[in-house]
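These notes are about the structure you will find just below.
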Amino acid sequence: MKEAKPVKKRKIPWGMLYIAATIIAVILFGVFNREFGNVFYTITHLAPGFLTAGVVVTVIYFFFEGGIIRLLMHSQGIPMSLGSSMKIGLIGIYYSYITPSSTGGQPMQAAYLKRDNVPVGLSTAVLIMKFFCFQCAFVLCSVFALIFMHEKLAAENPGLLPFIYLGMAINGGSILFFGSMFFRPVLGVICRFAKWLTGRFPKLSERFHAVETIDKFERDFDSYTDDFKEKKKSVIWGILLSVPQFLLQMSVLYFVFRSFGYHQAGYLEIVAVQSLLQLSVSFMPMPGASGAQEIGFSNFLRPYFVNNDLYAAVMVWRFFTYYLVVIAGALVVVADQFFYGRKKPAQPPDGGEN
């Protein structure tokens with residue numbers, strides 16, 4: 001009598017489900033955002049040269065994002081092409097834009113890097129350092145913007161100043177917090193707290209080997225942060241390169257402003273206003289600071305868009321700085337998942353050994 005062969009479990013195609021979910025999310029994103037549809041009509045009536053310039057500076061911004069990640073990875077002895085680092089950068093921006101308080105970007109970047117055999121401790125150290133570099137540039141540029149615009153804001157719109165000061169305090173505090181993680185005592189406290197927290201759920205902790213995972217993460221993170229301390233040059237370069245990257249991101253508004261035919265304010269003034277707007281809404285918890293960005297734009301930019309086209313300007317600006325990035329990120333996520341699924345080696349069948 002033949003022994004019955006064990007029935008193989010049908011493998012759930014998580015990769016394809018993930019692709020389908022991403023496509024559906026983007027479709028729903030377009031369906032439920034009315035301004036997303038209206039923006040195309042508005043764009044056709046604007047100066048195409050300035051709109052093209054807005055797209056170009058956004059693409060250059062992505063190059064800087066990838067270049068800085070590549071620089072920090074190379075400082076840790078991890079080879080990475082510019083294309084791969086740009087992909088990781090765009091994926092991080094995409095998930096930051098669609099999750100509350102931008103919480104999804106770095107964890108997803110670490111997950112994608114783990115697929116490429118980059119240890120979680122190393123990738124987390126690099127990504128936190130990347131965030132630290134950008135925050136330093138963000139706060140530095142915002143300080144200069146506030147000095148440049150303070151007198152005008154105090155005279156014409158003093159109600160905005162408390163939000164700017166609050167944003168400065170929160171973003172400055174984030175630099176101190178994330179910078180402190182590169183000191184062993186602080187990292188130890190954070191990891192002990194993580195162990196205590198996972199200990200509240202013993203079954204899940206045991207199932208996912210939480211304590212061992214946290215210990216390994218602490219060892220990896222600690223060793224790689226020591227490397228960063230010894231390679232301060234790469235961190236300084238990361239901060240210096242983050243300054244033009246931030247200015248490129250803030251420059252999109254200037255080209256939107258000019259595309260509407262306005263020229264009563266110069267480049268530096270518009271970039272300074274955009275920097276302070278970003279500073280005052282960056283801590284809002286909604287994905288992409290939605291709602292706060294639009295309200296903030298109306299309050300900060302009302303004196304500049306004076307021909308009853310403020311709402312149209314908000315739509316176009318958000319399209320280029322948010323919606324277009326979300327679409328590009330979704331396309332990268334789908335394409336990457338598709339090609340990764342094709343390259344992934346087949347798993348050996350269970351029970352193959354005698």
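A Cβ is built for glycine as well, from the same backbone N, Cα and C atoms used for every other residue.
So that you can see what the record holds, here are the features copied from TrEMBL:
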type: TRANSMEM; residues: 12-33; note: transmembrane segment
type: TRANSMEM; residues: 39-64; note: transmembrane segment
type: TRANSMEM; residues: 76-98; note: transmembrane segment
type: TRANSMEM; residues: 118-148; note: transmembrane segment
type: TRANSMEM; residues: 160-183; note: transmembrane segment
type: TRANSMEM; residues: 235-256; note: transmembrane segment
type: TRANSMEM; residues: 268-290; note: transmembrane segment
type: TRANSMEM; residues: 310-334; note: transmembrane segment
For the transmembrane segment (39-64), distant same-chain residues with Cβ under 8 A (at least six beyond the ends):
82, 86, 89-90, 241-242, 244-245, 248-249, 251-252, 255-256, 258-261, 312, 315-316, 318-321, 323-325
Which of 76-98, 118-148, 235-256, 310-334 shares the most C-beta pairs under 8 angstroms with the transmembrane segment (160-183)?
118-148
The transmembrane segment (310-334) versus listed stretches 76-98, 118-148, 235-256: most Cβ pairs under 8 Å:
76-98
Distal contacts, the transmembrane segment (118-148) - CB-CB under 8 A, six or more residues away:
68-69, 72-73, 76, 78, 92, 106, 109-110, 164, 167-168, 171-172, 174-175, 178-179, 181-182, 216-225, 228, 235, 238-239, 241-243, 245-247, 250, 268-269, 271-273, 275-276, 278-279, 282
